[in-house]
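Residues or ranges marked as transmembrane segment by TrEMBL: A:12-31, A:100-121, A:133-156, A:185-207, A:242-270, A:290-314. Per TrEMBL, the feature domain 'ABC transmembrane type-1' maps to A:94-307.
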Amino acid sequence: MTVFLLRRLLQAGGVVLVMSLLVFVGVFAIGDPVEILISPEADQIERERAVKALGLDLPLWQQYLVFLGKALQGDLGRSFVFNEPALQLILQRMPATLELALGATLAALVIGLPLGLYAGLRPHSPVSRGIMATSILGFSLPTFWVGLMLIMVFAVQLGWLPSTGRGETVEILGTRWSFLTRDGLAHMAMPALNLALFKISLVIRLTRAGVRETMLMDYVKFARAKGLSPSRVTFVHVFKNILIPVVTVVGLEFGGTIAFSVVTESVFAWPGMGKLIIDSINVLDRPVMVAYLMIIVLLFITINLLVDITYSVLDPRVRLEGKS
Amino acid sequence: MSTTTAAPVVAPRVETPFRRFVSEFAESRLALFGLLVFGAIALIAILAPFIAPQNPYDLAQLDIMDGRMEPGTVGGAGFTYWLGTDDQGRDMLSGIMYGLRISLLVGAGSAIIACIVGASLGMIAAYAGGRTDGAIMRLVDLQLSFPAILAALMILAFLGKGILNVVIALVVVEWAYYARTVRGSALVERRREYIEAAQCLALPTRRIIFRHLLPNCLPPLIVVATMQIARAIALEATLSFLGLGVPITEPSLGLLIANGYEYMLSGKYWISFYPGIALLVTIVSINLVGDQLRDVLNPRLKK
Amino acid sequence: MTKGLQAAAAAASLAFLLAGAAAAQTLTMGVGAPVTSLDPHYHQLSPNTAVAQMIFGGLTGTDGSARVVANLAESWRAVDETTWEFKLRQGVRFHNGSEFTAEDVAFTFQRVPNVPNSPSSYAIYTRPIRQVEIVDSHTLRLRTAVPYPLMPTDLANIMILDRETHGSATTEGFNAGPMAVGTGPFRMASHRNGDRIEFERNDAYWGTRPHWQRVTYRMITNDAARTAALLAGDVEIIDQVPTSDLGKLRVDQRLALSEVTGLRLIFLGFDHSRTEASPFVTDNDGKPIPQNPLKDVRVRRALSMAIDRAAIVERVMEGAAIPSGQFLPDGAFGHVPGLVPPRPDTEAAKRLLAEAGFPQGFRLTLHGPNDRYPNDSRIIQAIGQMWTRAGVRTSVEALPWTTFIGRASRQELSSFLVGWGTSSGEASNPLRNLVATADRDKGYGASNRGRYSNPEVDRLLEAGMRELDDAKREALLQQATRVAFEDVGIVPLHIQKNTWAMRRGLAHNARADELTRAQDVRPAATAGTAAR
């Protein structure tokens, strides 16, 4: 186990390094940050000054080395745009995105699992067909479009929910969370649902597929033959077995949700990390992009680690491997 | 959990002839209907240049004075815009026919390539384990955490704009999903007895992976793949929405939707609505076929 | 659809009534561009300027039509060719009670060029000042090396800070709040980066006190979401109204619009930097043309003539622009009366092209951004249609601003669409930046991305820049403008209108410089006139 963890950590370091290099080269290829950030009024002398001030006058490899040197001391650089430490900017925005992603994941499980279970147990009933057909909507319509439709219906037409933004927040341990207030929840409902749509469909489909398959397994047949009640068979034997793919995908999707919350956050003006990264990409704020990607990579690696550990707990056939 | 899982899974030698596959597939009327609809859509896409009233990609045939016309209006060129026009005066019906071509090409193309790349890598990772597994899975981590938008922006910067580059961007973004899914199920499968048996027989590794492991990992893969085709098309729409998709003069369904999005609030629904319907029908038909395929191909659902 | 919208109307009007009754003295605004810094000297960007003008104040200011007006300075005059004297307003206090004096101005001028890490500083406005002389506590003399007529205009951009308070102020200090202390009509109450800023009224403001006790300034960058927020009653006024929504909002009984012709010209630039083949120009077989046709004034004129500007304004911009043949709209300093765009004429354009040696036309790729200006990618498609009809087969490529602008600046494109907002409101600014020969030491042509160069334009402009007499200067600038446009250095398309939408019952002074500020909004009743 220790060897396993140590190895994962080393790999994580490598991934982060590759990521930072990619972003450096990538941003260099996309465009010149000064060209984007500088006021159109600026003359050539002011442009040269800005290039120097942002440290962009050095050759790219030198800029990268400077960055690495500072990063090793825990300094990921200052945002070109905000002149604040990139890490701090991201951490400030993180709670907003986390609560949105958690809300979406929760919604996906709460809605997706029962529906999928039903559709799997009664694959030929009209209700099941209805569920499956509707679930297609979840991933075929572009997120931005569904987002606007949600706003049109629930905020503009019905007036039930606030259209955009994040609601009232409560401070816990120096971070601000909005899911503890009524206003906060009201603001969160639509973006969380918007973000969850794809996941709900995914969970429904995975659960259904899993259930159908497991019902035909010998141990399930055996359990039924033994005269166990259908609900016991369903919830103990079947459910436990289908959790593996669902856990994989939901775990995996949690990271993806954070990385893909970009569109939802910009449609709903949700002040999270996704909004920050899209704004940073739009102005080529490299320090923020690098820091953001590094944090996300670490997050992914952690989640995958957790998923792998969960595997071994849920299914003894899968072992964590120190060495192959 | 005890070891009741000693499932006598049939080693999936492809013993079912094609005919049996067809008849099993045809068991579901819905799937057949889906296949029919999809066939019709594919036909429209292929024949678009011959049946569309206008070539929506030729700027000389468009006139902004015909822009944003309501469905059913007769335009300057003398024919009726049955589904209205977009802001450039592009006949929506022709636009959808041509857009289908691009969307299918981009969606199916990227999903298939990503599936092949991702599934192979995932399978290898699960089977080889150890260092190979670590390397591949960290690559997956890297890829999944990289925002699609940034990846697309970089590819755009390196390769320029074009339909092929959108496909590349989507493959880069999507392959990791397949890899992760396949590895997840392969990890379980490879501990099963039939694999151990195959190993005992000293069958070549490649044979074990592709003849024995892969077919048993197929069901979740097909679930993911049918969804990912849809998702790829929707993602392409999102890229277009962010200005990173296909060229604006050759709109895909996604770009048509993204373009019409701005007119939704002002009631000019047709610019976004009809391409949306076309997209929806396409994706539903793909999924109806995919669902049945998954059931038919699943060795474990055989009685 | 219509029924749904009617229901929406009913629901939203109720929301409006409630909002109106409960919160008479509070205002919630939704703006489209994010504010990046509350440090008024860190990053020169219009949204930052708008917020800075709510919290701080400059020696001079500009009114809604971009004319220079008194602000913290009551009056000014040129003492001699190279000395400007400013008389400061008496009795002005910063939010923390500290008094405003000439010392503060001198301190400010010193800080402006020395803000660390600034990606775009305001130093371009203080650079002409060679020496600051404090005559008495409320009189100041600024000496320049050469005559500098634009001093009062430029100083409207410089927000004055307090020497006692801001001695060691950092940008972070401003963003966090403690340093956001100025002389302006509002004080900053809270700031959530990228989300919202909350303001309270400064009751000790020296000028006209704004109506609003509390203001929430929300940043909603997505266009449709911003309009939806207004329709849902979550915000009371929005800026940058998407042109696609204008028609609908105009007829909505619950809403009012305010609109003014702005100062942003949308134009096409051409590759003037190459006499040999230009990268995106080919003959009809796709082979490069050895001589760059865009160097020929007849070709440029033909391309300008092929464009139907009125059609673009009406169909693409939905009326939110005016066709233009020059930099500035009527009424601005340096506007040339009678300099109008050519009448659209496809046949004449074809004849001109034939005369220039291209009877069969040629092929061209027109580039433009797709996320920068209203309808930018739609405009270039429309122009693509028009040029193709005139025989120049045009393909259109729309790119995100991040990749587009770098390529345009490196002269990698043959023809491209860009915009220019003349924040100073007078003609020397676009002349200097867009059509003057690029020259680092003079600071000319910094945004002349096509590298147009005309010695006559340069000569007239330089003469104008030295002329302190307003009438003579205007005449010189007008002449320079006329020469540049008759030579078709750039192809002007239209000048945008700036539009705000608000709930009925509010009135707003629309600003030509696009800034959205709370002091420009008031209840319609107290003002007596409704917004146009």
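Just so you know, glycine gets a Cβ as well, placed from its N, Cα and C.
Unlike curated entries, TrEMBL annotations are predicted automatically.
With respect to Cβ pairs under 8 Å, the transmembrane segment (A:100-121) is most closely packed against A:242-270, considering the stretches A:12-31, A:242-270, A:290-314.
Looking at which of A:12-31, A:185-207, A:242-270, A:290-314 has the most CB pairs under 8 Å to the transmembrane segment (A:133-156), the answer is the stretch A:185-207. Taking pairs at least six residues apart, the transmembrane segment (A:290-314) and the transmembrane segment (A:185-207) share fewer than three Cβ pairs below 8 Å and do not count as touching. Counting same-chain residues at least six beyond the ends of the transmembrane segment (A:12-31), those with a Cβ under 8 angstroms from any Cβ of the stretch are 60, 63-64, 67-68, 71, 284, 286, 289-290, 293-294, 297-298, 301. Residues 99-101, 103-105, 107-109, 111-113, 115-117, 119-120, 131-132, 135-139, 141, 143, 146-147, 150-151, 154-155, 161-162, 165-167, 178-179, 242, 245-246, 249-250, 253, 257, 260-261, 264-265, 267-268, 270 of the same chain, all 6+ positions outside the transmembrane segment (A:185-207), place their C-beta atoms under 8 angstroms from a C-beta of that stretch.
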